[in-house]
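**Student:** Provided herewith is a single structure, encoded as structure tokens, for subsequent inquiry.
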Amino acid sequence: MLAQGLSLLALSFFAVHATILGKDAVLTIESTNYDFIIVGGGTAGNVVANRLTENPQFNVLLLEAGPSDAGVLEIQIPFLCTHTTPQTAWDWNYTTVPQPGLNGVAIAYPRGHVLGGSSSVNCLVYTRGSRADFDRYAAHTGDDGWSWNNMLPYFKKSERFTQPSDRHNTTGQFDPTVHGFSGLNSVSLPGAATGIDDIFSAAINELGSDFAFTTDTNTGNPLGFGWAQAVIDGPTASRSSSSTGYLAAEFLSRSNLHVLLNAQVSRIFSGSLHDSSDQSLLDAQKEIVLSAGSINTPQILLNSGIGDNATLQGIGIDPVIHLPAVGMNLSDHPIITLSWLVNSSTTYDDFNRNTTILNEEIIKWQTTREGPLANGIAQHIGFVRVPDNSSIFVNTVNPTSGPNSPHFEIFVSNFLLGDTPPDGSYLSISAIMLTPGSNSRGSVSLNASLPGSPPNPFQPPIIDAGLLLSATDVPLMREAVRNILRLASAPAWRGYIMSPANSSQPSYSASDTEIESYIRENSRSAYHVVGTASMSPEGGKVGVTNPDLTLKRVRGVRIVDASVLPYVPAGHTQATVYALAERASDLIKDANVE
Ligand SMILES: Cc1cc2nc3c(=O)[nH]c(=O)nc-3n(C[C@H](O)[C@H](O)[C@H](O)COP(=O)(O)OP(=O)(O)OC[C@H]3O[C@@H](n4cnc5c(N)ncnc54)[C@H](O)[C@@H]3O)c2cc1C
Ligand SMILES: *[C@@H]1O[C@H](CO)[C@@H](O)[C@H](O)[C@H]1NC(C)=O
Ligand SMILES: *[C@@H]1O[C@H](CO)[C@@H](O)[C@H](O)[C@H]1NC(C)=O
Ligand SMILES: *[C@@H]1O[C@H](CO)[C@@H](O)[C@H](O)[C@H]1NC(C)=O
Ligand SMILES: *[C@@H]1O[C@H](CO)[C@@H](O)[C@H](O)[C@H]1NC(C)=O
Ligand SMILES: *[C@@H]1O[C@H](CO)[C@@H](O)[C@H](O)[C@H]1NC(C)=O
Ligand SMILES: *[C@@H]1O[C@H](CO)[C@@H](O)[C@H](O)[C@H]1NC(C)=O
Ligand SMILES: *[C@@H]1O[C@H](CO)[C@@H](O)[C@H](O)[C@H]1NC(C)=O
Ligand SMILES: *[C@@H]1O[C@H](CO)[C@@H](O)[C@H](O)[C@H]1NC(C)=O
Ligand SMILES: *[C@@H]1O[C@H](CO)[C@@H](O)[C@H](O)[C@H]1NC(C)=O
């Protein structure tokens with residue numbers, strides 16, 4: 001469709017804010033001609049930028065809409081992850097349309113708008129999903145390269161497992177055989193002991209069965225409970241992001257890597273189709289790589305006339321390529337939290353409500369690179385599969401990706417995860433429902449505000465998260481809440497857990513109906529958005545990219561970010577995005593051998 005070997009990209013950026021990192025020059029781009037232009041300096045984009053510039057023959061431009069992450073304490077300090085979004089200088093500040101599955105509430109939908117993208121603002125939990133998730137990607141695309149066995153080397157390649165900041169003995173707390181130790185994304189176990197660690201261990205021992213201890217939940221078989229891993233660089237007690245790792249100074253100094261900040265791309269087009277009103281044009285000789293994430297990648301495609309012909313025409317955009325799946329099939333995870341007032345003076349609640357105490361802790365963190373701020377939000381984590389003979393699946397398809405894959409995740413926090421009350425010490429246990437049913441699909445579409453004229457590409461798209469729309473969703477959430485209540489009722493917590501933090505929270509003896517109404521009222525997004533530019537088999541009618549992530553029916557454009565995942569994995573999504581971007585980098589290099 002597009003001219004062979006040549007693709008043009010239009011972008012509009014605010015020149016006064018544009019900065020080229022790693023160079024003295026500011027305000028100008030040295031050239032308008034690159035081999036590769038990567039759109040989005042986020043989780044995936046920075047991996048691709050790093051790996052492509054390993055080849056000195058490739059001249060790469062990386063464009064990021066947001067500012068630099070350098071020196072931002074909220075981003076660097078692991079515990080402060082909940083302070084990085086929503087509605088901050090590093091957020092796109094999106095809101096969904098009212099969600100019918102959540103009693104009609106429109107929810108905040110943060111996305112990183114900063115170098116590192118969502119890896120700079122997420123809550124650091126490191127989970128890979130299950131073997132069956134990846135084997136399903138392989139089956140879905142007909143490309144065995146996406147199977148668990150073939151992706152495990154890419155998980156390891158991206159990873160640098162580090163000693164935790166308190167240098168405690170981690171023998172038996174993780175399985176070294178499934179981890180990488182020389183990659184660019186640091187991972188670590190909790191770096192500071194808490195008052196709940198021994199109680200949690202005793203509680204899961206008391207409960208057994210679903211709560212059985214497992215050394216490591218990242219082996220491909222996540223079932224069981226154990227220590228939470230997070231993208232924390234232990235020795236520096238800092239967040240590891242795609243920016244801190246893949247764009248470290250030694251890589252930014254490569255003369256073939258150019259990083260432009262505050263540069264927001266509006267659309268891409270072929271040589272014959274550009275229009276003189278475009279503010280700035282850049283030319284990619286080999287490929288454009290779209291890595292703008294699950295919201296903005298489909299937005300850029302739709303603005304470019306790549307989407308459903310009729311829908312595009314209806315909002316004043318000339319269709320270029322008819323690909324109806326663009327922006328469709330958005331999939332995400334719902335999350336719910338229960339909290340209790342506890343008998344403790346060592347929870348982390350004060351850090352979230354008293355700036356004097358927080359500032360003292362920040363000084364300790366800066367000087368010692370140790371202490372509670374070195375921890376993320378989860379101290380312990382577990383994954384549970386609902387039995388195949390459960391009544392939930394009698395009349396509906398079990399949405400699991402395959403055997404031994406979990407339906408929900410539980411994680412335990414040494415503070416109240418949510419709006420911190422003015423006083424008291426708390427414990428929170430959260431559940432993420434990992435297997436949304438096939439009706440739980442949302443979308444990203446363009447907002448046609450003025451009839452007849454095309455949407456402004458710099459205005460937010462319309463986002464529907466599609467949460468809790470399938471018959472199995474709320475019942476699986478209910479099982480997850482019952483699991484939380486069982487965990488909290490273990491004898492080990494006696495004398496520690498005092499009372500529910502909120503009287504509307506269901507108790508152990510609550511009815512299914514009570515729990516289900518609590519779920520509809522209180523579930524929110526875990527922000528694990530995928531599927532809006534899904535990969536599908538070569539030549540397949542549905543989908544947006546081929547299994548090698550090339551945009552269907554177009555030459556010279558590839559999509560590398562969470563949007564290509566046809567199903568959300570049974571875990572938090574960043575580890576998958578890193579591994580996906582590592583494999584994509586190899587695919588791009590192989591396709592462009594000189
Ligand atoms: C608040 C929050 C908490 C989360 N918590 C966790 C967690 O604990 N663990 C976990 O594993 N996952 C978590 N996730 C999910 C995870 O972070 C994402 O799935 C992953 O980072 C997505 O990577 P990506 O490369 O697809 O997109 P992103 O990392 O979002 O990168 C997209 C980049 O493109 C840029 N961009 C967008 N549009 C344009 C444009 N038009 N022009 C130029 N640049 C553009 C963006 O600014 C951004 O930098 C969380 C996400 C959020 C938002
Ligand atoms: C998001 O909101 C914050 C706070 O109002 C603001 O500083 C920031 O610029 C906004 N982000 C974007 C992308 O507009
Ligand atoms: C760590 O603990 C394991 C098992 O408890 C023990 O075998 C090992 O010697 C310890 N390592 C160090 C360095 O103390
Ligand atoms: C979609 O629009 C493009 C551009 O106008 C056209 O070439 C193509 O035939 C259309 N496809 C369909 C299925 O309508
Ligand atoms: C969404 O995904 C499903 C499952 O792969 C597929 O059958 C359907 O066609 C997709 N929808 C669109 C609009 O692409
Ligand atoms: C915050 O903590 C400090 C130090 O413990 C204390 O003196 C102060 O009263 C607290 N502030 C508030 C608003 O509670
Ligand atoms: C499911 O199977 C298990 C053992 O295989 C059995 O104990 C349990 O009662 C069954 N549950 C239902 C709902 O049939
Ligand atoms: C669409 O844009 C209009 C005009 O800017 C705005 O009022 C409206 O809230 C937007 N709709 C959505 C769903 O964001
Ligand atoms: C609080 O915990 C202490 C031990 O840490 C115990 O002595 C005390 O009885 C507990 N208080 C309550 C009300 O359970
Ligand atoms: C308790 O939860 C309900 C929602 O279920 C909420 O409206 C209310 O504000 C909460 N109360 C407190 C004290 O947080």
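Including glycine, each Cβ sits where the backbone N, Cα and C put it.
Relevant sequence annotations retrieved from TrEMBL are reproduced here:
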- 1-18: signal peptide (SIGNAL)
- V114, N122, C123, L124, V125, V265: FAD binding site (BINDING)
- 293-307: domain 'Glucose-methanol-choline oxidoreductase N-terminal' (DOMAIN)
- H528: active site, proton donor (ACT_SITE)
- H572: active site, proton acceptor (ACT_SITE)
**Student:** Tally the residues of the domain 'Glucose-methanol-choline oxidoreductase N-terminal' (293-307) by DSSP class, grouping H, G and I as helix, E and B as strand, and everything else as coil.
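**Tutor:** Output for the domain 'Glucose-methanol-choline oxidoreductase N-terminal' (293-307) reads 11 helix, 2 strand, 2 coil.
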**Student:** Pick from V114, C123, L124, V265: which of these binding-site residues has the biggest number of other Cβ atoms within 10 Å of its Cβ?
**Tutor:** V114
**Student:** With every protein chain in view, what's the tally of Cβ atoms within 10 Å of the Cβ of H572 (active site, proton acceptor), excluding that atom itself?
**Tutor:** 29
**Student:** Can you count the other CB atoms that lie within 10 A of the CB of N122 (FAD binding site)?
**Tutor:** 25
**Student:** Let me spell it out: take the domain 'Glucose-methanol-choline oxidoreductase N-terminal' (293-307), skip the flanking residues so only those 6+ beyond its ends count, and list any with a Cβ under 8 Å from a Cβ in it.
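**Tutor:** For the domain 'Glucose-methanol-choline oxidoreductase N-terminal' (293-307), the sequence-distant neighbours (Cβ-Cβ under 8 Å, at least 6 residues beyond its ends) are 39-40, 42-43, 65, 92, 94, 109, 111-112, 117-118, 265-269, 317-324, 326-327, 330, 444-446, 454-455, 457, 461, 463, 529-533, 544, 551, 554, 559, 561-563.
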**Student:** Cα distance, H572 (active site, proton acceptor) to C123 (FAD binding site), nearest Å?
**Tutor:** 10
**Student:** Hey, what's the widest CA-to-CA gap across V114, N122, C123, L124, V125, V265, the FAD contacts in the record, in Å?
**Tutor:** 30
**Student:** Using the alpha carbons only, what distance in Å do you get between L124 (FAD binding site) and the residue listed as 'active site, proton donor' once rounded?
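**Tutor:** It is 13 Å, counting Cα to Cα.
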**Student:** Determine, to the nearest whole angstrom, how far the Cα atom of V114 (FAD binding site) is from the Cα atom of the residue listed as 'active site, proton donor'.
**Tutor:** 18
**Student:** Between the residue listed as 'active site, proton acceptor' and H528 (active site, proton donor), what is the CA-CA distance rounded to a whole number of Å?
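**Tutor:** The separation of the Cα atoms works out to 6 Å.
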**Student:** Cα distance, the residue listed as 'active site, proton donor' to V265 (FAD binding site), nearest Å?
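**Tutor:** With distance taken Cα to Cα, the residue listed as 'active site, proton donor' is 23 Å from V265 (FAD binding site).
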**Student:** Which three-state DSSP class does V125 (FAD binding site) fall into?
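**Tutor:** Note: V125 (FAD binding site) is in a strand by DSSP.
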**Student:** Could you tally the C-beta atoms, other than its own, that fall within 10 angstroms of the C-beta of V125 (FAD binding site)?
**Tutor:** 23
**Student:** Sorry to bug you, but what's the C-alpha spacing from H528 (active site, proton donor) to V125 (FAD binding site), rounded to the closest Å?
**Tutor:** 12
**Student:** Could you check which of the binding-site residues V114, N122, C123, L124 have their CB within less than 6 A of ligand 6?
**Tutor:** none
